[in-house]
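Enquirer: Right, I'll just put the structure down here and ask away after.
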Amino acid sequence: MEISWGRALWRNFLGQSPDWYKLALIIFLIVNPLIFLISPFVAGWLLVAEFIFTLAMALKCYPLLPGGLLAIEAVFIGMTSAEHVREEVAANLEVLLLLMFMVAGIYFMKQLLLFIFTRLLLSIRSKMLLSLSFCVAAAFLSAFLDALTVVAVVISVAVGFYGIYHRVASSRTEDTDLQDDSHIDKHYKVVLEQFRGFLRSLMMHAGVGTALGGVMTMVGEPQNLIIAKAAGWHFGDFFLRMSPVTVPVLICGLLTCLLVEKLRWFGYGETLPEKVREVLQQFDDQSRNQRTRQDKIRLIVQAIIGVWLVTALALHLAEVGLIGLSVIILATSLTGVTDEHAIGKAFTESLPFTALLTVFFSVVAVIIDQQLFSPIIQFVLQASEHAQLSLFYIFNGLLSSISDNVFVGTIYINEAKAAMESGAITLKQYELLAVAINTGTNLPSVATPNGQAAFLFLLTSALAPLIRLSYGRMVWMALPYTLVLTLVGLLCVEFTLAPVTEWFMQMGWIATL
């Protein structure tokens, strides 16, 4: 018997999402206009909370759908305007270009990356050293690349590892649905579950590594560029200015990596199953034996393109997204990928997230129009100069964990610059505040996927359901890093930032403009 029209509409609405989730979203859509009529300020914060809820439930339904519906309603009822949303999108075009082109460009370097990381994984048997190497590699790369790019690299490697073993475990040689475990017997499932735990820990170490490295340089994160430009700093200036905070944080972060692996805390410590190692070793041996000269040329070309990528980003020869586009063009041209459909596959991972980020910019527009952060900013600027550093750091951290890092960093640096230009604070204090804003925006935000775009990208990637990495599990595994990075960063802002910066000036390494 065919279902009713109403039932059919209900089933189509948000597809396979649970009924309670669908009902919750409908309630949000009904309540928001009513609250907006009473108090636009409260309605604005309610919208932010609802959007965070959709992100937290990312595995129930991709946040683009419910978040998009909330954003459309927000524009429709007047919480913001379509023109303001367009302005926010235009202001963040660099980030969108990064997602569209840089992430896709990495897709065409997966052969080289899989080769390198397979050798790394097979040559380092100690899980502690392997975790440390992933964290250090991610930190180093994210000092020159955007964190999203680095996470995209590690995701592609992890999916490659998982796919190799999954095909063996399911006794299927051709490409299969990696989420389908129905053809795997109980013995293989136990090993597969251990392998998932192993990959989860590596992904989290790498993800935190991007935060450790990304905060150190002006090209590490999009907001770093904005802050560096506002302060008039170049690459070397930015690194030295941040180092009183970022260097101790990096050291403590790496020690935390070793500690959680050693003590098997917070879901870490899972080792690579020997059976999986054997499969990966066989795959590596087979790949090397079957590698033709044409394949070797591809690897060499990809390595050269990798050098170009790091060099172009370090010297900021062009916008990040345009450099990514050059990677796509060079990699496809020189490795023989000419089919439109083959090229199109590179964009399947990044474009949904690009659309999601665009939706988020509409929420940012609401935050600005409803002046949701104004009371916080006014409170901070009324404090003493010494207290301002810690308060800027703390409030940046709190807001960055629930909002867009680029937005939070931009708002605070603009407010600090306005205060400096009006004479409320000195130029020297402004430069110290710029460091507090940058570190406060980057470090505490590892607490949730909402704060780190790289974490959110990981959570909503094709890898997350494969390795059972949910929102809650990600927050739990990030907790030791959150505590260490946040507290060490705060202590450095409080006690070492001003004296070390003063010493740098006396040595002539940096100067106030």
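Each Cβ is built from the backbone N, Cα and C atoms, and glycine gets one as well.
Given the structure is predicted, the values throughout are model-derived calculations rather than measurements.
Pulled from Swiss-Prot, these are the listed features:
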- 23-43: transmembrane segment (TRANSMEM)
- 52-72: transmembrane segment (TRANSMEM)
- 97-117: transmembrane segment (TRANSMEM)
- 120-140: transmembrane segment (TRANSMEM)
- 144-164: transmembrane segment (TRANSMEM)
- 202-222: transmembrane segment (TRANSMEM)
- 238-258: transmembrane segment (TRANSMEM)
- 303-323: transmembrane segment (TRANSMEM)
- 348-368: transmembrane segment (TRANSMEM)
- 391-411: transmembrane segment (TRANSMEM)
- 447-467: transmembrane segment (TRANSMEM)
- 475-495: transmembrane segment (TRANSMEM)
Enquirer: Counting only residues 6+ away from its ends, which parts of the chain sit with a Cβ under 8 Å from the transmembrane segment (120-140)?
Expert: 150-151, 154, 161, 198, 201-202, 205-210, 212-213, 250, 253-254, 257-258, 261-262, 268-272, 277, 280-281, 284
Enquirer: Can we call the transmembrane segment (238-258) and the transmembrane segment (202-222) in contact, meaning three or more C-beta pairs below 8 angstroms at a sequence separation of 6+?
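Expert: The transmembrane segment (202-222) and the transmembrane segment (238-258): touching, yes.
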Enquirer: Count the Cβ pairs between the transmembrane segment (52-72) and the transmembrane segment (202-222) that lie under 8 angstroms and are 6 or more residues apart in sequence, then report whether there are at least 3.
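Expert: Between the transmembrane segment (202-222) and the transmembrane segment (52-72), which are separate recorded stretches, there is no contact, as judged by 3 or more close Cβ pairs.
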Enquirer: Using Cβ atoms only, state whether the transmembrane segment (447-467) and the transmembrane segment (202-222) have three or more pairs under 8 Å that are 6 or more apart in sequence.
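Expert: Stretch pair touches.
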